Amino acid sequence: MNSHQGEMKGDKQMNTSVLEERSKVPATLSARALSQVKNNGALWAFFLLLLINILITPNFLQIQTLYVNLTQVATVAIVAIGMTLVIASGGIDLSVGALMALAGTIAPMIFLSDFAASWPALGLVLAIVVAIAVAGLAGLFNGYLISVYKIQPIIATLILFISGRGIAQVLTNGELQTFDNPSFEFIGTGRILGVPVQAIITIVLALSIAWVIKRSIYGRFLLAVGGNEKAAELAGVPAKKIKMLTYMICGLLAGIAGLISTAINSASDANQTGQLMELDAISAAIVGGVLLTGGKAPILGAVLGAAIIQLVGYTLLANGVHDAVAMVAKAVIIIVAVYLQQVKGAK
Amino acid sequence: MNILTRVINLPGLKRKAHASRQAEGVLIALAVITLFASLRYDAFLSEYNIMTFLAYNSMFILIGLGMCFVIMTGGIDLSVGSVVALSSVVVAKVSEYGIEVALPVGILVGVTTGTINALVITRLKIVPFIATLAMMLGARGMALVISGNQSVDVSWESNFTQFGLGKMFDFIPWPVVTMLLAFAFCWLLLEKFAFGRHVLAIGGNEEASKLMGLEVNRTLFGVYVLSGALAGLSGVMLASGFGAGQPLEGLGWELSAIAAVVVGGTLLTGGLGSITSTLLGAILLGLIFNILNFENGLGTISFSAYWQSIIRGGFLLVVVVIQAKMMNRKKAH
Amino acid sequence: MNNVDSIDLVECDMPSMGALSQAPEVVLSMQGIDKRFAGVPALSNANLALKAGEVHAIIGQNGAGKSTLIKVLNGAHKLDEGEIHFLGEAVSYASPHHAQMAGISTIFQEVNLIAYRSVTENICLGHEPKRFGMVDWRKAHAHARETLARFGLELDVEQPLGSFNIAIQQLVAIARAVALDAKVVIMDEPTSSLDEKEKAVLFRVIKELKSSGVAILYVSHHLDELFQICDQITVMRDGKTVEQKPISAMSKLDMVAAMLGKDPAEIAKGGATNFAATGQVSDEVLFSVAHLKGAAGLKDVSFDLYKSEILGLAGLLGAGRSEVARAIFGLDHEMKSGKMHLSGQPVDFNHPSRAIAAGFGFCSEDRKEDGIIPQLSVRENLTLVLLPRIAKYGLIDEAKERQLVDEFIRHLGIKTASMEQPISQLSGGNQQKVLLARWLVTNPNILILDEPTRGIDVGAKGEIQALIRRLADDGLTVLMISSEFEELVEGADRVIVLQDGHSIQELANEQLTENAIMKAIAQ
């Protein structure tokens, strides 16, 4: 910072160092990958939890344990992916739980209808498509309020947080819809090659969205909008569209999670489906390393974050600790995760 | 001298403060709805309806007042709903010693959670949204642990339930009296004491406030403790008015409180706000439920209770869109 | 409990104007100040002596240590070595607030007050007059009015500060300092966002402060204004205070020479910039603007932009320079009217993406606010605009991206450890180069540059100016906005002068001199 003469000198050195840099690329890439693992506290925490469980939790190393955890973590992980995108865009989505309830309510209404009775296959497809689409539209509505009317995300999504579940409750009059539809239940309870279907759905969604974020224009634009919206807009990034799309994707993912949750229970309950999901999803996204200031979207981190939170809950439960204590534990995890993120960022 | 007068002769000098304009809007809406309801429903302006309405809504108004202070600093307190539940459970446990003990205990519960929030926010520098989100989980967990996952019966032997169900001079329910006192306290605090001015200054520009030598951390501390204390008080009302400490109550109350504050015209980014219009906003949102009840009573249309959340959400939508349009237009000029 | 203090504050006699007639004493001295950041010295053996009733300027290049010196003085930084004496006592402040209470107030570059709150509150916050523990509003308002009246300002003190313009806000900041009975007022670039009229008001206030015995430490990049207002000059270079003289003993050239550490004679020979206008302009009008009207005081601007010329836009702040650029580029669209033609075809962009598609580029004035995306790497920042063009089905061609980024890093000599380094870790000049590259990589026809060299050190500045000329020689058409007339005179082929939202004059060839621009603006 001292004098420009120093910088002039640096200029000459630069040309050579750029060349060196190029030859170093493969080496630095693998080094970066390694350092990412090293610096990834979440991954370490996850392994530590596994280790603790192997040591103290009875019957931990059984396939049943894995299934139980996978079943419970899938919906949180899927919603957390959407939440990660939204947080990366510089926002937040409180309505995800309500949208889960909405999608979870709409699907059975369709496949239980008279129409579906006569066209079962079509009815099922329609049920899934319409339910997810409604959740996606609701997400788009959030995005519209936020990008066009410039309403703060927390307030804009508060609207559907309050009314979304209300709509689901009015549709069913607040009553439980039970059903017996093996094809639909398959997405909640089925297995492919022994692997629970919802785990497969989660992994496929996570990998494909992570790939899209890394490789696509959308991903880059999303990070740009989250990092500095004014600058992005000036660079020709259609910031409004990107935000709307992001909230829509978040809504779609919440819809998918709502269907899975409904399928697992063989019943839809507008009062309970997705209750407090916004908290779990935000927690998972944060533990997964998303920056609250926007500009970073670790999708696989969100899945890992969901897994950590799930595992903490399971560890406590399996060792006979009151499950309400798990909530307190979650609270501590959130604070620690954010605190560590800030300490790291300050360096 | 004439240079000076030219410089200060600027457009927008006489612009009315945004908050006061919105307060007028809320007041007008409230007047219109009250007029409509009093003409349509005979019992609407009855003493019974008014007192029951106010008594029930006192709990929400209390946390709305606390939330208003928090939001004016540019922060948010998501933990209040859980703190209400925790406080209700704790005071139910001590209810046999009477309200003289329960009331301070309930407030102390809120002060404790508020202090933890404040410490996390000011010392660990964690954003209020996250800090209080964690407390939302933590306090709920504590409430469930203490209560053993079920509601805790209060003692009917002591005078504890008198607080929630009794009336002063056989006329005004104690919760309403408490709420009015809290309102007066908050109003004075904001308008007449340096603390309130500092709250607004910090919300308006934290960096500048620091340079002006305001004790930013101490003020923030006070705000979160106040919000916690009011939530604790609200929990005492809950336990005493419903005769049980309820670990699962208060879900989503923080969001209703935020909605009331926003409807009242307080800027979510901080720096502008009003206690009076927060009170009006909370009453306005509460009235919607009251009117639905009457409408069902008339039997013209049958709204299920579930409609209330849809209508509340719709109402919030209308308010924030109007507010956003006003703000955006202002920016354009 | 506080009322005694605050009443004192309100009722204490302000030192009457010009009362201090005896020989001015040194109120503040800094001796042998050292300050290191992570081992790197930012200040080494800096000295300063400030007398009552003088305006003392500190000048120096970016990074010379001016702001560090101020921050050490007002308690924002702790010094490592050295002593500060204020009113005869050795002092050390824990924060700017403590310094303020002791009598050293700092007026920051961006007015650091609270826009939503009233003028009174902004003056009285932290030391409100109280009665029975409550704020005594009547007294507070009266006190605010009184303080402002000293500067001949009459304001409705109950209005939010934000409803006044920036000059008034700055005066309120000074009023706050006076209300706190400041003995030393530090002003950091106080005129950076003021127009000429407002500057005159500020200078009057400074003179009034001076005559009442307040010492003013004045930091500014604008050397010309120092002659109007300052008594003493301290020049800083590389963290040292290299010269302290009365301003009457220095010329502008001396100052520049001292800042750069060079011999004045050497500077007089060569120019500070190494690019010169060719004067050649093609006669093909590429783009024209007629009667453009828009946001924030843009009233009626017309000009033609010829192919591959550098057209300068001159004017004072608030004359509508940036607003012209923003309007052309499709920003603030709602408020726009007027006609624009590109190669004879009427155009009107409602979003930057449209303007970009038509071959425009726009490097904005505020790098941090609407330039860089701090979390992203140099590579990601550099290709942000280009992205849609190196993508298929929405997927980025990464090999191509890397190749282009690599090319431009070398081409523009961007100093970065690698293309994956976060842009926030680069120096200002290199960030600016990345932003330039962001546009150049899209091969635009017309590039709008708003203050392309603001806040960049002299070395990088020269490089960027030379680059702009080279690009124009290669056929790029440039619309350049600058508040430095020198940069326009030396860099542009023609200059359009804006005043109060109107385009009032065109200057070219031998008419194009700094004096001519100033004359046009002064009309």
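Please read every residue number as a count from 1 along the shown chain.
Positions of Cβ are set from backbone N, Cα and C atoms, glycine also.
Using a Cβ-Cβ cut-off under 8 Å and counting only residues 6 or more beyond its ends in the same chain, the transmembrane segment (B:23-41) has close neighbours at 263-265, 274, 276-277, 280-281, 283-284, 287, 290-291, 294, 297-298, 322. Here TrEMBL flags B:23-41 (among others) as transmembrane segment.
The transmembrane segment annotation in TrEMBL covers B:53-71 (among others). Under 8 Å from some Cβ of the transmembrane segment (B:53-71) lie the Cβ atoms of residues 77, 80-81, 84, 128, 173, 175-176, 178-179, 182-183, 186, 189-190, 199, 203, 223-224, 226-231, 233-234, 237-238, 241, 253-254, 256-258, 260-261, 264, 266-268, 270, 273-275, 278-279, 281-283, 285-287, 290, all in the same chain and six or more residues away from its ends.
Cβ atoms under 8 Å from those of the transmembrane segment (B:101-122) belong to residues 75, 77, 79, 83, 86-88, 90-91, 94-95, 128, 131-132, 134-135, 138-139, 160, 163, 217, 220-221, 223-233, 235-236, 239-240 of the same chain, restricted to positions at least 6 beyond its ends. Look at TrEMBL and you will find B:101-122 (among others) tagged as transmembrane segment.
Through the fold, the transmembrane segment (B:129-151) approaches residues 75-79, 81-83, 85-86, 88-90, 92-93, 113, 116-117, 120-121, 224, 244-248, 254 of its own chain, all at least 6 residues removed from its boundaries and within a Cβ separation under 8 Å. If you look up TrEMBL, you'll see B:129-151 (among others) marked as transmembrane segment.
What TrEMBL records for B:171-190 (among others) is transmembrane segment.
If you look up TrEMBL, you'll see B:220-244 (among others) marked as transmembrane segment. Same-chain residues lying 6+ beyond the ends of the transmembrane segment (B:220-244) with a Cβ under 8 Å from its Cβ atoms: 55, 58-60, 62-63, 65-67, 69-70, 72-73, 75, 77, 79-81, 83-92, 95, 99, 102-103, 106-115, 117-118, 121-122, 128, 132, 151-154, 156, 160-165, 175, 178, 182, 195, 199, 202, 250.
Per TrEMBL, transmembrane segment is recorded for B:250-268 (among others). Below 8 angstroms of C-beta separation, residues 18-19, 21-23, 25-26, 60-61, 63-64, 66-68, 71-72, 76-85, 88, 136, 203, 235, 238, 274, 277-282, 284-285, 312, 315-316, 319-320, 323 of the same chain, each at least six residues beyond the ends of the transmembrane segment (B:250-268), sit close to that stretch.
A Cβ distance under 8 Å defines the sequence-distant neighbours of the transmembrane segment (B:275-293), meaning residues of its chain 6+ beyond its ends; these are 19, 22-23, 26-27, 29-30, 33-34, 37, 41, 44, 49, 53, 56-57, 60-61, 64-65, 67-68, 183, 186-187, 190-191, 256-257, 259-266, 303, 305, 307-308, 311-312, 315. Taken from TrEMBL, the feature transmembrane segment covers B:275-293 (among others).
Residues or ranges marked as transmembrane segment by TrEMBL: B:305-324 (among others). Away from its own ends, the transmembrane segment (B:305-324) comes close to residues 22, 25, 256, 259, 262-263, 265, 284-285, 288-289, 292 of its chain (Cβ-Cβ under 8 Å, at least six residues beyond either end).
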